[in-house]
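This report refers to the structure that appears directly beneath it.
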């Protein structure tokens, strides 16, 4: 008799995705981040749901409702800090997941890759709106500065900003709509994740060698389920250490001051995971140019399938490309550091150089190095 999991209309979908899925036998720990991102999304949705039960999206009470959650709600402090630090874990996993895709050439599955880039945009939008909700100083001024960037749009800019604000400044209408969007976007992200997996399972997973692995596949369960569980345990361990020992390590002290439109913080900056893009934005003196550079810094990922000129898929056997890749990683870390500094000498110069290097590596240096490697291999 055929096993129920193989014939039941609903269960067989799960079976083909997580149980009997043929997976390459040599995928490393770098392939764990997909499942960890799923876990992060689940944690964020559940903690967010419980926070939404106690939060009020009104400028008069938003800040005190967050304080109320931390002080008066049973384990409210735990839920709030799991949600805040869960976002940081989410982005750490996202950056590592994207980095793995770049290193091992997973972007050659262009549909999966492009859906992934759209997911990255959606998660960044969700995180930005979530940062506004506690209605502290950095929430208010971050929202003002970032939404104001849209005014750089030719002709319709000012109208567009006022339309998003729901008035002539960031106020009650802005907070209410940001809360609404912040609540609904994770469910849209979950739907996009399904599409991401659908396209992935059409082609099967890539592997570190970048070679076709059809002749050497093993079932996902139990081999990779146990591997994913280990990753999940480590992720939760790191998250809980962060939450229980230093929950405000990655936050901004300014956000413990209620929003005040009459008092600008000394240094307005977003959360740490946006600092690299913020540094690119600030490195261009022109407003519209900065906004375009900011958008293109993420959108450029969609060009990876087109810019792949190497005869080999993975960087595993391409030492020159590996060097350039790690320079790119160092450059992104530099941009993150610069984004957190004030705009003065020498930080502004370093930021401009790092921004130029970022685009140069992706658009020029990596494709050129790939062609050189092809020549060295007499291909």
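These residue numbers are counts, starting from 1, taken along the chain as shown.
In case you wondered, yes, glycine gets a Cβ from its N, Cα and C as well.
Per Swiss-Prot, transmembrane segment is recorded for 33-53 (among others). Packing against the transmembrane segment (33-53) from elsewhere in the chain are residues 69, 79-80, 82-83, 86-87, 89-90, 93-94, 96-97, 100, 182-183, 186-187, 189-190, 193, 228, 231-232, 235-236, 239: each is 6 or more residues past its ends and has a CB under 8 Å from a CB in it.
Annotation source Swiss-Prot lists transmembrane segment at 77-98 (among others).
Remark: residue 83 (heme b b562 binding site) has 44, 47, 48, 51 as non-local neighbours, by Cβ distance under 8 Å and separation of at least 6 in sequence. According to Swiss-Prot, the feature heme b b562 binding site maps to 83, 182, an assignment based on similarity to another entry.
Counting Cβ atoms from all protein chains shown, residue 97 (heme b b566 binding site) has 21 others lying within 10 Å of its own Cβ. Annotation comment: Swiss-Prot describes 97, 196 as heme b b566 binding site.
Look at Swiss-Prot and you will find 113-133 (among others) tagged as transmembrane segment. Proximity of distant same-chain residues to the transmembrane segment (113-133), defined by a Cβ-Cβ separation under 8 Å and at least 6 residues beyond the stretch ends, is recorded for 55, 57, 62, 66, 87, 90-91, 94, 97-98, 101, 106-107, 139-140, 142-143, 146, 174-175, 178-179, 181-182, 185-186, 188-189, 192-193, 195-196, 199, 270-271, 273-274, 298-299, 301-302, 304-305.
For the transmembrane segment (178-198), the list of distant contacts is 17, 38, 41, 44-45, 48, 52, 55, 57, 112, 115-116, 118-119, 122-123, 125-126, 129-130, 132-133, 143: same-chain residues at least six beyond its ends, Cβ to Cβ under 8 Å. Marked as transmembrane segment by Swiss-Prot on the basis of similarity to another entry: 178-198 (among others).
Counting only same-chain residues six or more apart in sequence, the Cβ atoms lying under 8 angstroms from the Cβ of residue 201 (ubiquinone binding site) belong to 16, 17, 21. Feature annotation from Swiss-Prot assigns ubiquinone binding site to 201; the stated evidence is similarity to another entry.
Annotated transmembrane segment per Swiss-Prot: 226-246 (among others), in sequence order.
Proximity of distant same-chain residues to the transmembrane segment (288-308), defined by a Cβ-Cβ separation under 8 Å and at least 6 residues beyond the stretch ends, is recorded for 98, 102, 105, 107-108, 110, 113-114, 117, 120-121, 124, 149-150, 152-154, 276-278, 280-282, 355, 358-359, 362-363, 366-367, 370. The annotation transmembrane segment is assigned in Swiss-Prot to 288-308 (among others).
Residues or ranges marked as transmembrane segment by Swiss-Prot on the basis of similarity to another entry: 320-340 (among others). Long-range contacts of the transmembrane segment (320-340) within the same chain, counting only residues at least 6 positions beyond its ends with a Cβ under 8 Å from a Cβ of the stretch, are 99, 102-103, 269-270, 272, 274-280, 282, 310, 347, 350-351, 354-355, 357-358, 361-362, 365-366, 369-370, 372-373.
Using a Cβ-Cβ cut-off under 8 Å and counting only residues 6 or more beyond its ends in the same chain, the transmembrane segment (347-367) has close neighbours at 279-280, 282-284, 293, 296-297, 300, 303-304, 307-309, 321, 324-325, 327-328, 331-332, 334-335, 338-339, 341. The transmembrane segment annotation in Swiss-Prot covers 347-367 (among others), and the record cites similarity to another entry as its basis.
Nonlocal intrachain contacts for the transmembrane segment (77-98), taken as residues 6+ away from its ends with a CB within less than 8 angstroms of a stretch CB, comprise 30, 33-34, 36-37, 40-41, 43-44, 47-48, 50-51, 66, 69-71, 116, 120, 123, 127, 130, 235, 238-239, 242-243, 247, 250-251, 271-273, 301.
Counting only same-chain residues at least 6 apart in sequence, those with a Cβ under 8 Å from the Cβ of residue 182 (heme b b562 binding site) are 48, 126, 129, 130, 133. Sequence-distant neighbours of residue 196 (heme b b566 binding site): residues of the same chain at least 6 apart with a C-beta under 8 Å from its C-beta are 112, 115, 116, 119.
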